[in-house]
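J.: Pulled from Swiss-Prot, these are the listed features:
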- LYS270, ASP275, ASP293, GLU354: Mn(2+) 2 binding site (BINDING)
- ASP275, ASP352, GLU354: Mn(2+) 1 binding site (BINDING)
- LYS282: active site (ACT_SITE)
- ARG356: active site (ACT_SITE)
Amino acid sequence: MKFSIADKSIKQTKDILLILGIFYKDCYQKTLKYISDENKKNIIQVVKNIKIKDNIGSTYFISNTNKVGSNPILLIMLGSKVNINSRIYKKLIINTISSIKNIKYKKSIFFLLNLNFNNSNLYWKIRRSIEYIYESLYEFNNFKSKTKSYKIYMKEIMFYIHDENEIKQANIAISHSVSISKGIIITKNLGNMPSNFCDPHYLSHQSYILKDKYSEKISVEIMDHKKIKNIGMNAYLHVSKGSSKNPYLSIIKYNENKFNGKSPIILIGKGLTFDSGGISIKPSNNMDEMKFDMCGAAAVLGVMHAISELNLNLYVIGILACCENMVDSSSYKPGDIIKTLSGKTVEVINTDAEGRLVLCDVITYVKRFNPRIVIDIATLTGACVIALGHHYTGLISNCDELSENILNASNITEDLAWRLPLNKKFSKQLKSRFADISNISDRSGSAITAGCFLYEFAKEYKWAHLDIAGTAWKSGVYKQATGRPVSLLTQLLINYGDKKI
């Protein structure tokens, strides 16, 4: 799907579908002033026979009358409220796309930008529209032998901008939303793949696809089991001991040559392509969803795609920490003590608290890059789901400024996050009788204590931890990866790159 700005003269072309919203009573007159008299007549004639007061989101198609100034029209019923929220706007977009699938026109002009929702400016109206459109069109049927596929005839949606002074802002919105949406699709596709296809080797080596596409901006290094061992990342290796699949660490550098010697922003993604829990095995119920335990790494890859396409003026390193946590005679065990890359020792109380063991070594490893900021993204704790549900990503940080920047990006993108406390009182729960620290505490505040564990290895950085256990995928009938928090993180980097809107 292509998105562009409509030339004012193009709306008279009869082969172009007009998409516009109609309010109850006289409110629709404002929308109609931008279209031809013939189209106004056609709409008014149809609206007289429609009860639209409480029928928000319903669509009506008006075919072309072949008269001069006549277009095919898709009417979207907006009800009686002039101000709508983003939830209703999303419903309007979804219903619009559903209707477009059955209409055989290749181009359309989109007039819904005149709506007032959440006091959004033009940039956010366009960005929300495109992101909702991509979400509506997304399907993952890669492994079905037979699918009910559909053909969408629409190839281009043009946004009608009546103020020429806003065209530059509109084009920026298109660029941002398309790039972010493509990054989200990459993240979703990887998350939705089964672990017998998307194993540590497959996931880590997806970074080469990015390198091939953006060879001037991207460099990639992939460490295998031997390199990881030689560096001394013992905690990382212990997690993978029970799997026949070797671990890999993929390091993706964006704009390294341009910012030679400068400090990068570092994103670390947990990439457990399957997590059985190890010896502390998980319950069988919903264990299939543990293929989603790599969504942190998938999100980092999606963000790196998005910023490469946007050509942000930043130095960013994305790291995919890929391995499996399986049950075997060689698996690491409760009671084991592991010396991490930092030199600290960890007593393993529960092998299902494996993500923090992988991440602690990677957080230590990135010290060599002298990072400006370090953010880790992980499906880390079920406790975060209990605390924040499936709406908010958990945020823990040692830096108020970084937290505020993340929360600002989360609020404006509606990819929501909520800050949890970082406090020594929680850290005391991680004390070990036999090692420097335990890998898990008691159940109280365990989403926070998981963050406190990671902080033990991140004290030298401006650091933030995003726990996406509740937001990375949906369960039940609509089970699939969500692509979060690609939108949040890309917006954060857009803001850091001085392209803030």
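Just so you know, glycine gets a Cβ as well, placed from its N, Cα and C.
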J.: Around LYS282 (active site), which of the listed recorded positions (ASP275, ASP352, ARG356) come within 10 Å, judging by Cα atoms?
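T.: Within 10 Å Cα-Cα: ASP275, ASP352.
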J.: Starting from the Cα of ASP352 (Mn(2+) 1 binding site), work out which of the binding-site residues (LYS270, ASP275, ASP293) are within 10 Å.
T.: ASP275
J.: Whose Cβ lies within 8 Å of the mean position of the Cβ atoms of LYS270, ASP275, ASP293, GLU354, the Mn(2+) 2 site, other than those residues?
T.: VAL239, LEU272, MET290, MET294, ASN325, GLY355, VAL358, ALA378, THR379
J.: Rank the binding-site residues ASP275, ASP352 by the number of other Cβ atoms within 10 Å of each Cβ and report the first-ranked residue.
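T.: Its Cβ has the most other Cβ atoms within 10 Å: ASP275.
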J.: Does GLU354 (Mn(2+) 2 binding site) have same-chain partners at least 6 apart in sequence with Cβ under 8 Å from its own Cβ, and which are they?
T.: VAL239, LEU272, ASP275, GLY278, ASN325
J.: Please identify which of LYS270, LYS282, ARG356 has the densest Cβ environment, defined as other Cβ atoms within 10 Å, among these recorded positions.
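T.: Neighbour-count leader: LYS270.
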J.: Given ARG356 (active site) and LYS270 (Mn(2+) 2 binding site), what distance in Å do their CA atoms have, once rounded to a whole number?
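T.: Distance between the two Cα atoms comes out at 9 Å.
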